[in-house]
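Feature list (source: Swiss-Prot):
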REGION    1-32  region 'Disordered'
COMPBIAS  16-32  compositional bias 'Basic and acidic residues'
BINDING   Cys61, Cys66, Cys72, Ser300  [4Fe-4S] cluster 1 binding site
DOMAIN    73-289  domain 'Radical SAM core'
BINDING   Cys87, Cys91, Cys94  [4Fe-4S] cluster 2 binding site
Amino acid sequence: MVVLVDTVSSTPVRPRHPEKAARPDSLSPKKPDWIRVRAPTTRGYGETRSIVKENGLVTVCEEAGCPNIGECWDKKHATFMIMGDTCTRACAFCNVKTGLPGALDPNEPAYVAEATRKLGLEHLVITSVDRDDLADGGAAHFAATIRAVREHCPTTTIEILTPDFLRKDGALDVVVAAKPDVFNHNLETVPSRYLSVRPGARYFHSIRLLQRVKELDPTIFTKSGIMVGLGEERHEVLQVMDDLRSAEVDFLTIGQYLQPTRKHHAVMRYVTPDEFGGYGKTAYAKGFLMVSASPMTRSSHHAGDDFAKLRAARAALSR
């Protein structure tokens, strides 16, 4: 690994992940042939990037280093990350900056709505950093953003990917009352890997969060996802499926974990496309309305197309 040292600037640059700086490098196996992405060089990519920057917005596509950014931005699809670019947690898999976030921007909901209009989005995905520093975890800001998009882009369907609102009483009720079309909260990994991968979260709290969404509003689609390749066993993935179905979750995503830097959790193995296919078939057999399972699957990848399929699957059940 090459380390670049700034010998010109007098202002010290804060590490993106200060809590990981002292860790030894974690080496991952070489990527197999099926892990391939297109370089982001198209005209559509450039136009999307311009709209994002003009509105002063943050995207999880950039901050998390999503491998699908070239494909999605070429189609003018972007996932907006609200409440800043700095997270209060330090998950071992995540490339988003860690630290003390700044104050919320009260104009951000309007900026998201305006960017949605300019991009012509039929389906919008909104996510956020964890904001454990806020009394409501950012729930009111989520709700305000949903309402702003509804007002300015009434035909756009809205999917949210939320933090867990751990120890934030009443926060979930505020978000659900804003009536997103899809409520996504990712489990990220199997329970046995939480201490090493997602130490600030609680597995069964996340399951209960998803279950509670259905109790508050059964019309909202619920969605969750996990990464594989973090050291989990197959039977553990199947148990996660059962736990999610017990919470009546509609949509499951499963994708390959890719290491952002050598300071992050190592890739323990690359799951083969055939194994992903097997997970997909099993998940459908367990009753999920929609499943996306492949090496390059990510929560927001093809979200608009998947939402159309999700609605069609629910409609077919009610006939």
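Yeah, the Cβs are placed from backbone N, Cα and C, and that goes for glycine too.
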Long-range neighbours of the compositional bias 'Basic and acidic residues' (16-32), counting only residues six or more past its ends (CB under 8 A): 1, 90, 95, 97-99, 258-259, 261-267, 269-270
DSSP helix/strand/coil residue counts for the compositional bias 'Basic and acidic residues' (16-32): 3 helix, 0 strand, 14 coil
Among Cys87, Cys91 [binding-site residues], residue with fewest other Cβ within 10 Å: Cys91
Pairwise Cα distance for Cys87 ([4Fe-4S] cluster 2 binding site)/Ser300 ([4Fe-4S] cluster 1 binding site) [Å, integer]: 19
Neighbour count (Cβ, 10 Å) for Cys94 ([4Fe-4S] cluster 2 binding site): 23
Integer Å distance between the CA atoms belonging to Cys94 ([4Fe-4S] cluster 2 binding site) and Ser300 ([4Fe-4S] cluster 1 binding site): 16
